[in-house]
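What TrEMBL says about this one:
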DOMAIN    A:212-507  domain 'UvrD-like helicase ATP-binding'
BINDING   A:ALA233, A:GLY234, A:PRO235, A:GLY236, A:SER237, A:GLY238, A:LYS239, A:THR240  ATP binding site
Amino acid sequence: MDADLRRRLRQADLLTALRILQAVDVARHRRDDFTATIQPVQEGSRMSNWLLDAEERFAGVRAMADELIRRLGELGPGETLEFNAADLDAQYEAELGGLDALEALYAVQFLGLANVARGESEVGGVFYLRRGEQRRYGKAAYRPLEVHYGERARRLHVIRHILSHEKEEDRIDLFRWYFTISLEQFCKRFLPNPEAATSPQIPEFRERILGGLSETQLKVVTDDESRAILVLAGPGSGKTRTIVHRVANLVALRDVNPERVLVLAYNRTAVAEVRERLAALIGASGIHVDVLTFHGLARKLTGLTEKNAPAGMQGDDRFNWLIQQAVDHLRDNPAPYQYVLVDEYQDIKGAEYDLVTLLASFDREGAPTGEEEDDREQPGYLVAVGDDDQNLYAFMGAKIEFIQRFRDDYDITDEKVVALLPNYRSRPRIVQAANAFIEASLPARARLKGPDQRVYSVRDGEGQVYIGKYQQRYHAALGIAQRAAQLIAQGTPAEEIAILARNWDHLNEVQHALHEAGVAYQMYNVHDQLRPANSYVGGAVRDVLTEEPELAVENARETLERIRQQLSLSDQDRGWQAILSATADLHNTIQGALALRINSAKPLARRGVVLSTFHSAKGSEFDHVFILSEGMREHGRTPPEDETRALYVALTRARESVTLLRREGDCHPTLLQPGYQHALKDIGVEVMSLPTGTPLPSEIRYQLFPDPSDLYISAPDVLFPAGREAVLRYARNWDSLQLRNLQLRSPHGAVGRLSRNGRIMLKLKHALERGQVTATGATVLRCERDDEWYTRAGYTGLETHHYVVLPQFEVIALLEG
DNA sequence: TATAAGATTCTTTTT
DNA sequence: GAATCTTATA
């Protein structure tokens, strides 16, 4: 441990001591960056009571932890225990004297017995517990907790000893010693009974946060002087890990108020991941850290939602408006956060960029003009983590310039740009192939990483890179299906195999081939709108549950089925099946928890080989990755930067092997460059031969998932009473769904029709003409009011929403090139 | 019916 | 920004 770190840790100790003094009403302290003022409060403080409390508290935590451990023991591996905090408090209040549930959660987390994650619901904070690694809960398991509480208690003993001296000079002298020598030394030297001081403090905790990090990661995690740090992180270099550990360091080791810390992530999945990992690292104390999406932050700051946008705005404009409201809000109000961490900084857009700038209090135009010194805004500390090579959303305004401008914006030296280069994900050959690809595709000026800043693999072995070429996409699909089946037969989980393409419809042939080979697959696009909670049956059942959130539920499935039958809704809805499987493990809970589980249920069971676009694969990783490169003109001399970065993202998703297949005639131009091909040869890639001799079928079969914009419901169909009744009748009596003349018909009448403007029309054109589109399932989906849509349909009702029957199609289509 | 010009689509997140 | 589909015009 270097001297600097040691000095900082003493500061943390000081702050702990000050907090204790304040907590027991002995002294008050005011704190700014450099000084702390201590004021005595009064004689006869509650110090001794507090010590007694501390002992009781430990006994209480132990009792409650016992109970949690008992319930955890009943869980199977991977199962989750779910409850709300108020419920837990109420349950244990009587026996444990008002013990704070958070403390007990912290305890089981701290002991490594469980992973605690936090969620929000209508019924308040809800916690999810999952069994930790540790299986046996012997006496030894409690030792770290005892050490922790023992350390806190020792500090109290020391302070009480100091305060017991009558003369002020003595007290000052002892305080000086307290801050000069270690706690252990102090106890030995001054305490009448130093036995209590034999235990160390809590090295396990510090080790968990700071140990196991690379030197560079540690630098970012522990730097609390730099106002702005840009972390240029390569793929698989531990971006999120660095962010999570920095937050943990701030909150758990540096005593920063968690409410002053903000983590911005790019979507809900990323938010959930940061929250989970933070909870796993520091437990309950991480709960007060804000981990939000940009829109979540905008909602929190302004109290508005995109629905407050002026009438006439729709879709994207509403969301942009919301971000802009937050920017305006921050111009007039001080930033509520002091430590801001931004993930995936390369993909932030203009308004989001402004938001970050204001949050970090770096806005030069609107420099604070506080009349009083005390009102001066505290300085912000910004850490932005991103990789310009992985910029995927330039077409939406996420320009690479924002990350390039970082240095100028924040007036920082080059040293403050930290490069995280080791790749912990991919085997060496994969990293080398990806490096060679991006270096051959982009000129040095288009990249922030210099020639001496190459990503390198720290994994052992070599890994495999295969290349291949095809004329017919069908042949590539056949080859991939064969290899996937082979890998699965050899024991690779299907979910660890991904097939990635530029566009969704490039994967149609792959769907067909996988189906023929009997390999299960999943489409990786999760339309938020398709959430089971958004289905008519799911929403209706959830609403019944939340009417009495505290009501006990013995068997989740029975309760759900009972409510569904009372509402006389069909069980054939796609969403309903998903809800049943998402709640299958819930027993002996309350209705509120069940409702929450419905809210977070995923559309489909995530099983089988993953089919995804390059874009949707952002942030994911797989053992084996197959890539289709097509859809570009070859004779373009300089490859388009967007497409290069997208393909680079695809290449770097792979851990063990990557197979890069190019279509002759329109693959990414770099793949044809002699220089690049030589580089691949040096790396040791193998050529994958595809079954190009196989005769082509005349038709292929694949699944197609429309979204609500593909459906056009004309006035009599849905918006007016007859149509609404037809849809709701369908939700009760579920029969086959047929598509005739673009009209979606149930035996009870028309329930919708395909939109002529929807994107699906184009894709289905030929299949529709030949009548080879069949509905294989459907969900009755809630659609929020969309004024543009209503106007087009000639409707002016006041409802906030309506329902549509959203089918899932199987298409038999002519084979494309 | 060729060809140019113009329009649209592709990649997608946010509740 | 490129590919692809639609429309206008000789």
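Glycine residues also receive a Cβ, built from the backbone N, Cα and C atoms like all the rest.
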Protein Cβ atoms within 10 Å of A:GLY238 (ATP binding site), excluding its own: 21
CB-centroid shell, 8 A cutoff, ATP site A:ALA233, A:GLY234, A:PRO235, A:GLY236, A:SER237, A:GLY238, A:LYS239, A:THR240, site residues removed: A:ARG241, A:ASP387, A:LEU420, A:ASN423, A:TYR424, A:ARG425
Tertiary neighbours of A:THR240 (ATP binding site) (same chain, Cβ under 8 Å, six or more apart): A:ALA270, A:GLU273, A:VAL274, A:ARG277, A:ASP343
Cβ atoms near A:ALA233 (ATP binding site) (within 10 Å, other residues, all chains): 31
Proximal but sequence-remote residues of the same chain as A:GLY234 (ATP binding site) (Cβ under 8 Å, at least 6 apart): A:ASP387, A:ASP389, A:ALA419, A:LEU420, A:LEU421, A:PRO422, A:ASN423, A:LYS449, A:VAL455
A:GLY238 (ATP binding site) - helix vs strand vs coil (DSSP): coil
Packing count at A:PRO235 (ATP binding site) (other Cβ atoms within 10 Å of its Cβ): 23
Local confidence of the domain 'UvrD-like helicase ATP-binding' (A:212-507) - pLDDT mean: 86
